[in-house]
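Novice: Annotation source TrEMBL lists domain 'Major facilitator superfamily (MFS) profile' at 1-419. Residues annotated as transmembrane segment in TrEMBL: 20-45, 57-77, 83-105, 117-135, 147-168, 231-254, 269-291, 298-320, 326-344, 365-388, 394-415.
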Amino acid sequence: MKDFYNYTYYDRIGEYMNEFYLTLLWSITVSMFPFGGFLGSLMVGPLVNNLGRKGTLLFNNIFSIVPAFLMGFSELAKSFEMIIVARVLVGICAGLSSNVVPMYLGELAPKNWRGALGVVPQLFITIGILVAQIFGLRSLLANEEGWPILLGLTGIPAVLQLLFLPFFPESPRYLLIQKKDEAAAKSALRRLRGWHDVDAEIEEILEEDKAEKAAGFISVLKLFKMRSLRWQVISIIVLMAGQQLSGVNAIYYYADQIYLSAGVNEDDVQYVTVGTGAVNVLITVCAIFIVELIGRRFLLLLGFSVCFTACSLLTGALVLQDKISWMPYVSIACVISYVIGHALGPSPIPALLVTEIFLQSSRPAAYMVAGTVHWLSNFTVGLVFPFIQVGLGAYSFVIFALICLFTTIYVFLIIPETKSKTFIEINQIFIKMNKVPGVHPEKEELKEFPHSTTRQ
């Protein structure tokens, strides 16, 4: 692709780019994806409130299909600008879907399945990465002839979603609380649950609505001002920042060098990378089956602790790899351990918790904050890590180890267990933490939540 950039520039100007300009242009291309993700996160609130969860996901396909055409035909059009614009658009798609999909599934799911369904988006992200790694093998599409086809494939999932998503119901919570359409909400619940009597669940949703009636629409600014949501907001910022700043991108950046230093043939490194992607998928599948058994909090503690240990050991292994012959194998073990740890907790759980610790009126704004922190952290790591790596070398992983340690301590001290609890019950836990008399302390008539009856 860099050659394509250079040849295109030569066709226009009559000379090749210098190395600095080529690197700068390529860096801009790469960084446009997380920048687009940031823009997409800012669009979450307005879109889900006006189009609904399902409507937003249908609309979002524009930001996948259009860039697929732009990237797929960029070589034919001899325009690297099409790729840069497409990266922004597909980033918007990722920013929207990474926030709206967990919100949609969290609102569709019964409480005893909410955790498992909440991890499913991360499973398909890992499957997507693995598929990309397979198609990205040099013997398939990662070559001079195949790269436009590889980039154009991003539109296929969007086309499938356009075909199948219209047959799915809208979020019952959105229909009942925001659209005030009880008949539509009951119809959606009946389709989802497979039985006719959904009055108990409708009553639970109405209790949530009553508990927050005084709040009205909660903007991002209001979200930060509300004392009753203080620890929820701090928690999603810490978890989303910890997820991205814990070194996951740096691990993947370093992985090829680590495999090569262990004696893996240069042509075979790509296959080892695919193997790492397969491990990521396998562990995420395991997370789906255990999240409702051992809980979200335990998975976060376990995941960040494993990542802390892996980063600490990897630092020592990289420092000593030229002095001790078997140390590169320790480095490989650290990389695989880190991938396992991150796939267990830090990758899937934070987005699930955003759905669980916020009620309906504050959830869209909360996802805007979570998405913004996620994508800005992603962008920051991509921008800053190469300089950290040059300055600190192997010791750069000490920074990531400390971030993992801090996040582990925060989860241990602050994050409550939310499995098998209703949204009302979870919010009652945070009411005590925030030391407020009710959901909206400024309204004296709302001294406490309506009592919710736990139903299986």
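The backbone N, Cα and C atoms fix where each Cβ goes, glycine too.
The shown structure was predicted, so the numbers you read here are calculated from the model rather than taken from an experiment.
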Novice: So if I exclude everything within five residues of the ends of the transmembrane segment (326-344), which remaining residues of that chain have a CB under 8 angstroms from its CBs? That is, six or more out.
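Specialist: Same-chain contacts beyond the flanks: 122, 126, 246-248, 251, 254-255, 258-259, 261-263, 276, 279-280, 283-284, 286-287, 299, 302-307, 309-311, 313-314, 317-318, 320.
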Novice: Give me the stretch from 83-105, 231-254, 269-291, 298-320 with the greatest number of Cβ pairs under 8 Å to the transmembrane segment (365-388).
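Specialist: Per the Cβ under 8 Å count, 231-254.
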Novice: What parts of the chain pack near the transmembrane segment (83-105), using Cβ distances under 8 Å and only residues at least 6 beyond its ends?
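Specialist: Contacts of the transmembrane segment (83-105) (Cβ under 8 Å, skipping residues fewer than 6 from its ends): 1, 28-30, 32-44, 47-48, 53-54, 56-57, 60-61, 63-64, 66-68, 70-71, 74, 117-118, 120-121, 125, 151, 154, 158, 171, 351-352, 354-355, 363-364, 367-368, 370-371, 374-375.
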Novice: Would you mind giving the whole-number mean pLDDT across the domain 'Major facilitator superfamily (MFS) profile' (1-419)?
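Specialist: Over the domain 'Major facilitator superfamily (MFS) profile' (1-419), the predicted model scores a mean pLDDT of 88.
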Novice: Given a Cβ distance threshold of under 8 angstroms, which distant residues of the chain, six or more beyond its ends, lie next to the transmembrane segment (269-291)?
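Specialist: Long-range Cβ neighbours of the transmembrane segment (269-291): 115-116, 118-120, 122-123, 126-127, 129-130, 133-134, 136-138, 255-256, 259-260, 299, 335-336, 339-340, 343-345, 347-349, 352, 419.
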